[in-house]
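What Swiss-Prot records for 81, 82, 83, 218, 219 is substrate binding site, and it gives sequence analysis as the kind of evidence. Taken from Swiss-Prot, the feature NADPH binding site covers 83, 84, 247, 248, and the record attributes it to sequence analysis. Here Swiss-Prot flags 179 as active site, thioimide intermediate, drawing on sequence analysis. For 186, the entry in Swiss-Prot reads active site, proton donor.
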């Protein structure tokens, strides 16, 4: 189904009853082909973490319940879910009666698994769950005094390295791109951990800033950055985690790693979530 038939970028009416058909799938293979990624032999492992903040239903007495959800879509799923369709789908539960929160969780996980063709995991939390904010791990490179003049398209030629081997973690809050269809800004904090030739911080920061006017989905931006770093320095280990700011009641946080037994860098929200 072409992206032009989705609800993204169009005026939409919220359904007042549960409707799984609102979920719009996008094959990962389309964007991966553009990046030269073989979908049958992925160079990474990982997940897309979706945090959802507009989640409500009715209990058996008709009383509303509200909560938040976190869902993990495996990076080897056949499809991703278009974000606006997911928002509309979640809001279709607003007047839907469920026996329990566990039942709501089961329905959503099953629907997401069916649409993505993968085993989606996750959990729904009560609205009064205590939340702690975290900060990205590693060295922040944002205060470097650099001159930037490339905002047209991501430029991987900006990635330079030193002929010395390191194992380190760096981060930046200056990643920004735009939604492929609506053009709305996606603001991201990126955490990069790697073992290999040392990235030159100044040139790498320029590379990240070159995404500023790029029109791509969050997942594709993550895989482009992963691929560009991998091609530039051939690291023994590489992971990237991008935590995007909340937009439309959802934030998307792609994680990619060369390590099959990966663990996410942080389970705490950053301040822009």
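The backbone N, Cα and C atoms fix where each Cβ goes, and this holds for glycine too.
Under the DSSP three-state reduction, residue 218 (substrate binding site) is assigned to helix.
Summary of the substrate site environment: with the site residues 81, 82, 83, 218, 219 set aside, the chain residues having Cβ atoms within 8 Å of the Cβ mean position are 26, 48, 80, 86, 217, 252. Other residues of the same chain near the NADPH site, with their Cβ within 8 Å of the Cβ centroid of 83, 84, 247, 248, are 86, 87, 179, 184, 249, 250. Cβ neighbour density within 10 Å is lowest for 179 among the recorded positions 81, 179. A coil conformation is recorded for residue 82 (substrate binding site) in the three-state DSSP classification, outside any helix or strand.
Cα-Cα distance from residue 247 (NADPH binding site) to residue 219 (substrate binding site): 15 Å (rounded to the nearest whole number). Restricting the recorded positions 84, 186, 218 to those with a CA within 10 Å of the CA of the residue listed as 'active site, thioimide intermediate' leaves 186, 218, listed by sequence position. In the three-state DSSP assignment, the secondary structure recorded for residue 247 (NADPH binding site) is strand.
Across the fold, the C-alpha of residue 82 (substrate binding site) and the C-alpha of residue 186 (active site, proton donor) stand 14 Å from each other. In this structure the C-alpha atoms belonging to residue 218 (substrate binding site) and residue 248 (NADPH binding site) are separated by 14 Å.
Closest by Cα distance to residue 248 (NADPH binding site), from the binding-site residues 81, 83, 219, is 83. For the binding-site residues listed here (84, 247), the lowest count of other CB atoms within 10 A around the CB belongs to 247. Here the CA atom of residue 186 (active site, proton donor) lies 17 Å from the CA atom of residue 81 (substrate binding site). Between the listed recorded positions, namely 82, 83, 186, 218, 248, the fewest other CB atoms within 10 angstroms of a CB are found at 248.
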